[in-house]
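Notes to accompany the following structure.
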Amino acid sequence: MAMSILKLRNLSALRSAANSARIGVSSRGFSKLAEGTDITSAAPGVSLQKARSWDEGVSSKFSTTPLSDIFKGKKVVIFGLPGAYTGVCSQQHVPSYKSHIDKFKAKGIDSVICVSVNDPFAINGWAEKLGAKDAIEFYGDFDGKFHKSLGLDKDLSAALLGPRSERWSAYVEDGKVKAVNVEEAPSDFKVTGAEVILGQI
């Protein structure tokens, strides 16, 4: 009898853990950013910072770019990643989009955008090092407000990165999200590459 009760308790615990895991993945990836979401309404008052040198930042008086300027009336592919100069981001994620840029243009995409929780000056140097600035528009989310608004923020203090973002991608048409993908973990690169989003356009 005691053994039967123990087995039932263990089974209940396993089911609870499995349900929690499913809920965690769902809420993390899709609670605020889902198909049909107006990305500008989901992040009201939020602006991004276009990648540039420090001198360009000074001359522009550290101006920012409203989300409406980025998305309204345009077909945009946007992907977010944990940080400039990090492994998967540098070796796989950005190169994936850079190498497929002609395919995006052939599908009528107006811009391919990379956004990261970094200042725009660090991102600028990184983009130049990757030789990707001519193909991809890079933006900083220096205070993380954009990702927090979309429910895509992620604490990566364990990797000495602090508050960052999930690894994700989306196809956005006139501000409305048409497709969105979020990795199970920021270190994964399974569903957010260029080939996946190309198949969703």
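Every residue gets a Cβ built from N, Cα and C, even glycine.
Feature annotations, courtesy of Swiss-Prot:
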ACT_SITE  CYS89  active site, cysteine sulfenic acid (-SOH) intermediate
DOMAIN    37-201  domain 'Thioredoxin'
MOD_RES   THR37  phosphothreonine
MOD_RES   SER149  phosphoserine
TRANSIT   1-30  transit peptide
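Restricting the average to the domain 'Thioredoxin' (37-201) gives a pLDDT of 90.
Sequence-distant neighbours of CYS89 (active site, cysteine sulfenic acid (-SOH) intermediate) (same chain, 6+ apart, CB under 8 A from its CB) are LEU81, PRO82, GLY83, SER116, ARG167. The residue listed as 'phosphothreonine' is 12 Å away from the residue listed as 'phosphoserine' when you measure Cα to Cα.
Around THR37 (phosphothreonine), a 10 Å sphere centred on its CB holds 20 further CB atoms from the protein chains shown.
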